[in-house]
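For Asn21, Leu23, Gly48, Glu69, Asp94, Asn115, the entry in Swiss-Prot reads S-adenosyl-L-methionine binding site.
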Amino acid sequence: MNTKEIVNKYEFKFNKNLGQNFLIDESVLEDIIEGAEISKEDTVIEIGPGVGTLTKELLERAKEVYSIELDGDLIPILQEELKEYNNFTLIHKDALKINFNELMENKDSIKLVANLPYYVTTPIISRLLTEKCDFKSLTIMIQKEVAERINAEPNCKEYGSLTVLVQYYCNTKIIRKVSPNSFIPKPKVDSIVIKLDRLSEPRVRVKSQKLFFNVVRSSFNMRRKTLWNSLKSLNIDKESMENAFERAGIDPKRRGETLSIEEFGKLSDCIYDIL
């Protein structure tokens, strides 16, 4: 059965508070599966399985699938629809409260697939990356504007701290755009399927990741300010900051959105050296 048929079969009522929009376009499902590159060696962690339409396709291809679902009304539907699969584990929990490192422990070749409510997208991605969860890739349906921020390059308005965070740890690839007509109920925004391939090592080697991300966040907190003014929040004396900018070869009159990840790394290392 397709998504609409399962929804009608169980007379499922959508929960607006959970931001539920279920994918009904089978061509998008196929592109997610193809883009995620799932094989029998892979353990898949799926966040937001809905009524299990995509989950079935994952179960056919993966070694095992762990699906995380918050809505208690969907649990019996998923249990019934997927009862024939012995490689399926359903976790009834808020993904924001999951210990992903614990879930991924002693599992090989972990790939994540997610169709999340848009309000939890950034927190989930941030946690998976900053907590150094051991996964190979994340294929995710997200709001178009968020995908554009993740995939941005310097010198554009979309480029920001989220861009740097994701691209520090991952290569990014947009798989396809998805219109509101591909969902029930229809969301008010366009969506994009994007894949994040985890790098074996961070894109740049820095002396302190904590300082690196502090510099990045401070640089984007007030986008229209120069780096010199933005980085005053670090509470470093004027002479030391002048020295750090000079050693990094970066003009303090530039704005954060003009710096590449490599330049952020160079600047944070020079600041680290003077602390």
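Cβ coordinates are placed from backbone N, Cα and C, and glycine is handled just like the others.
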* Count the other Cβ atoms sitting within 10 Å of the Cβ of Leu23 (S-adenosyl-L-methionine binding site), across every protein chain shown. => 21
* **Spatial neighbours, same chain, of Asn21 (S-adenosyl-L-methionine binding site) - Cβ under 8 Å, 6+ residues apart** => Pro117, Phe183, Ile184, Pro185, Lys186, Pro187
* **Spatial neighbours, same chain, of Gly48 (S-adenosyl-L-methionine binding site) - Cβ under 8 Å, 6+ residues apart** => Ile68, Glu69, Ala95, Ala114, Asn115, Leu116, Pro117
* Asked: For the binding-site residues Glu69, Asp94, which one has the sparsest Cβ surroundings, going by other Cβ atoms within 10 Å?
  -> Asp94
